[in-house]
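Q: So TrEMBL lists the following for this protein:
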type     : residues : note
SIGNAL   : 1-16     : signal peptide
DOMAIN   : 20-104   : domain 'Ig-like'
DOMAIN   : 109-188  : domain 'Ig-like'
DOMAIN   : 202-292  : domain 'Ig-like'
DOMAIN   : 300-387  : domain 'Ig-like'
TRANSMEM : 402-422  : transmembrane segment
């Protein structure tokens, strides 16, 4: 409580020096406590003491007492005096001079100000509760409170006259006011109500985008339509339409600058022009995008075009590969077994062909593959049998198998023949050389235990290496003819034996023997 200094007001000196004097503060502000004191100089017996305002009695006491106004208000201003009464032989009453008291305003009612004055959604706002104090009371502390409609704003009572609202929206429109009071709560004042209107920002620059980008949807895949605006406040309603129809594919209302619509499984019929509409209560705006649906290729079909009824070596066959469905361009590959023969492109759809000149190796399986960048598909296998020019069918697999089999059988036959010759030759030659040595014309004995074969000429040759060609042979020794009479027959046998050596790099000399047996008549020698 602020105690006011008392100004002693001396009433004009009258003839009687015992008249009472009213003591009151010289300066009073609203909210102050006012103490009125009726002072008497003569100590005489006082029966009553009373206080008056504007001639109306405020307080009457049977003893000497002060008069207290707890919290001064403007209506406490006026003319104040006091009176005392007593009895000494006779009754008496004396009145003090009047004292004027004026209660001053501590601070005027606050004024609520808004910055900026024109409010749009999504912008920050500052509310200020403005008031001021007189120079005599600048040390008085005030606190402030803000209200909207029937709701309090901010943290409550605060010593700051400002309230910051980070973002204001159209639903925040309404009546605002503030209150200011001293920290002692003795004086409280309220501002006038101010209506605040928050304007919406119209939507602008609407954009419609797709995922996949560019409106290139894939049949069976997902298509997402993104609708967005660069600005616009409040709740925005987004709706999507196809081919400028009033029928909506979907709509969303939300406090956001963008929204999306999903088509989970795209069909070929979903191709076309799509529109997005955005509206927040002002005029709506539109955007559009063209969507194309790309179709993955189906399984291709491979056909073989022949000039005749049967494929023969030297013919030209046309391999034609085509898909029933698929967005162009389409690239085709042609395969023989798993080997790529070539490729061809169909820029505007349809099929593609590849011409092949047949050889004996072009039998067996053919296939083709198609792709348009979305998916690759392989055709079923088509088998082609190529025959030789004599009309007989040549199966490459069987020919290779038989060739290998005959090669093995031939090698076995040669090995057996050599083995037989070697056994026979080594047995006969060693017996002869051991008993007779070289033949002589006079010899009449035969060294053979069995007759010689009656053939005109027999020539045997043994090659040491089956896999490499024999090296040139070098004649190292030749025996002169020798004659031998065999039994009583009129036939002579002439033997000649030649020993040859074969030089191989890094190996010893390998001996090879040629035996030539000629049956001639003796008369012809």
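Glycine residues also receive a Cβ, built from the backbone N, Cα and C atoms like all the rest.
Automated prediction, rather than curation, is the source of TrEMBL annotations.
Set these features in their place in the structure for me.
A: DSSP places the residues of the domain 'Ig-like' (20-104) in helix, strand and coil in these numbers: 3 helix, 50 strand, 32 coil.
DSSP assignment over the domain 'Ig-like' (109-188) gives 6 helix, 47 strand, 27 coil.
The domain 'Ig-like' (300-387) scores a mean pLDDT of 90 in the predicted structure.
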Q: Give me the stretch from 20-104, 109-188, 300-387 with the greatest number of Cβ pairs under 8 Å to the domain 'Ig-like' (202-292).
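A: Answer, by Cβ pair count: 109-188.
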Q: Going by DSSP assignments with H, G and I as helix and E and B as strand, what are the residue counts for the domain 'Ig-like' (202-292)?
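A: Taking the domain 'Ig-like' (202-292) as a whole: 6 helix, 52 strand, 33 coil.
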